[in-house]
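Okay, so here's the structure we're looking at.
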Amino acid sequence: MALNLQEAFDARRNSIGFLRWLLAFVVIFSHAGPLAGFYDSHSLGTQWSSEQSFGGVAVAGFFCLSGFLITRSRMGRSTVFRYFWRRVLRIFPAFWAALLLVVLVLAPIAWWKSNGTIRGYVSAPNDSPLTYFADNMWLKMNQLNIADMGAGTPLAGCCTVDWNGSAWTLFYEFKGYILIGLFGLFGILGHRIIATIAFLGMLTMNTLLFLGVAGNFAAIDPLMSDFYSIMLLTPFMFGMMLALWADRIPIDDRLALAAAAIAIFTYFIASGWNVYGQFAFMYVIIWAAVRLPLTRWEKYGDLSYGIYIYAWPIQQFGAFFGVERLGWFGYHLVIIVACHLAAYVSWHCIEKPAMDLKNWTPRWLSALMARGRPLNDRIKRIIVDPRFSTTHYANRLRNDRAALAQDRRDDHLTSQDPDERVHASESPRPPVPPVGASDRPTDRPADRDRAGLPGGR
């Protein structure tokens, strides 16, 4: 009998690191079309599918794995503050480094290659390098180019010149982090039926958009006026579903084979990839994370994020020097080696040191939190229902109440005479209530007091 996902997934021994690395490389191959002029300057995959490129397929896989892992993280013991602090440390330091690499190193060299001098770079009137970092530092890519560069590159022949055309997805990735953080804060992750309803709502909007039935959901929710929010948060929330229903999802080789067939059919032969084919692909991804034996892929570091955010700048930089003239194989060899070097340095010098701060709290903030803890605990006692919340406080409250109930039972048994304990152990069980009778022992205030549930004093 096949194990379910909860039984089969080992958080310390899985192949997610390899899969993310592989997906990052799929993005490189896909972007070689517009950035280097291969595949008639089209993204790889659009030759077969009118719905999504290989790069888009890889991004959906990224978002699914991210939703799965982030949901598991949020359901752990970390506080809301610590959860968001860790997400900030994972995304921003390397992203800021990528922006600075472009504006301080790659773009100036490319300017010199194009103009024979560095003069005029800093004072460029359009898309100033002085504003590039500030305009993009909060993940929303507001300034794409620098100093109107790149008119002679392959990218200019088909698209808007962009120094980091992969980074735009990070804005939606962080939206997913916020969504999961709020779901955990308000107890939705602790009640997976409610979470499922939320996912089905997102799935419905995604389906209607791709079927062309609806054009915009701004009238329902301004946050949903952005097409990409729906397109990318849907696979992210599917990953959330995999985490919440892990005890019901079988990891079965036959099911994975059928899912792979559906994904291939909807992508290469028929249509329906964005409506249902991508979800079959995501099942294959999570199946591979469990079944593949590549569990030590990140032995030398988690390079996938670095490859993803540095690949496009490196590819665009290479276009100024005509690297594409080396041919398909030579081009990809140079780009892959360069991306690995950049990602390796980024992991060991930026990303890992940043993640080492995940449990750090500034002294002033620790003092402020200590001063406000009594008020904070009073508010949490009022608004947090431990039956549904997955917050650290709710977990502690459940454990405390269980321990208190056990202590009361032990005290009660200890206070009884030996004869009473014998009689109590031999007393018959209470009769089973008739069908339809209330099975909730908390209808009266006194019962709530004894049960230790919300409403008791």
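Note: Cβ is positioned from N, Cα and C throughout, glycine not excepted.
Under the heading domain 'Acyltransferase 3', TrEMBL lists 15-347.
The transmembrane segment annotation in TrEMBL covers 21-39 (among others). If one looks beyond the transmembrane segment (21-39) by at least 6 residues along the same chain, the residues whose Cβ comes under 8 Å of a Cβ in the stretch are 45-47, 53-59, 61-62, 153-155, 157-159, 165-166, 297, 303-304, 307-308, 311-312, 315-316, 318-319, 323-324, 328, 331-332, 335-336, 339.
The transmembrane segment annotation in TrEMBL covers 54-71 (among others).
Per TrEMBL, transmembrane segment is recorded for 91-112 (among others).
Per TrEMBL, transmembrane segment is recorded for 170-190 (among others). Only residues 6 or more beyond the boundaries of the transmembrane segment (170-190), in the same chain, are considered here, and those with a CB under 8 A from a CB of the stretch are 63, 66-67, 70-71, 74-75, 80, 83-84, 87, 91, 95, 139-141, 198, 228-229, 232-233, 236-237, 240, 244, 309, 384-385, 387-391, 394.
Cβ atoms under 8 Å from those of the transmembrane segment (197-215) belong to residues 51, 183, 188, 224, 227, 230-231, 233-234, 237-238, 240-241, 274-275 of the same chain, restricted to positions at least 6 beyond its ends. According to TrEMBL, the feature transmembrane segment maps to 197-215 (among others).
Annotation source TrEMBL lists transmembrane segment at 227-246 (among others).
Away from its own ends, the transmembrane segment (253-270) comes close to residues 2, 45, 48-49, 51-52, 57, 276-278, 280-281, 283-284, 287-288, 291 of its chain (Cβ-Cβ under 8 Å, at least six residues beyond either end). The transmembrane segment annotation in TrEMBL covers 253-270 (among others).
Long-range contacts of the transmembrane segment (329-350) within the same chain: residues 25, 28-29, 32, 36, 38, 93-94, 97, 101, 300-307, 310-311, 314-315, 318, 323, each at least 6 residues beyond the stretch ends and with a Cβ under 8 Å from a Cβ of the stretch. TrEMBL lists 329-350 (among others) with the feature transmembrane segment.
The compositional bias 'Basic and acidic residues' annotation in TrEMBL covers 400-426 (among others).
The annotation region 'Disordered' is assigned in TrEMBL to 400-457.
Summarising the annotation, TrEMBL assigns compositional bias 'Basic and acidic residues' to 440-451 (among others).
Sequence-distant neighbours of the transmembrane segment (91-112) (same chain, 6+ residues past either end, Cβ-Cβ under 8 Å): 118, 120-121, 129, 132-133, 136-137, 139, 146-147, 149-150, 163-164, 167, 170, 173-174, 177, 305-306, 309-310, 313-314, 316-317, 320, 342, 346, 350-351, 354.
When pLDDT is averaged over the domain 'Acyltransferase 3' (15-347), the result is 94.
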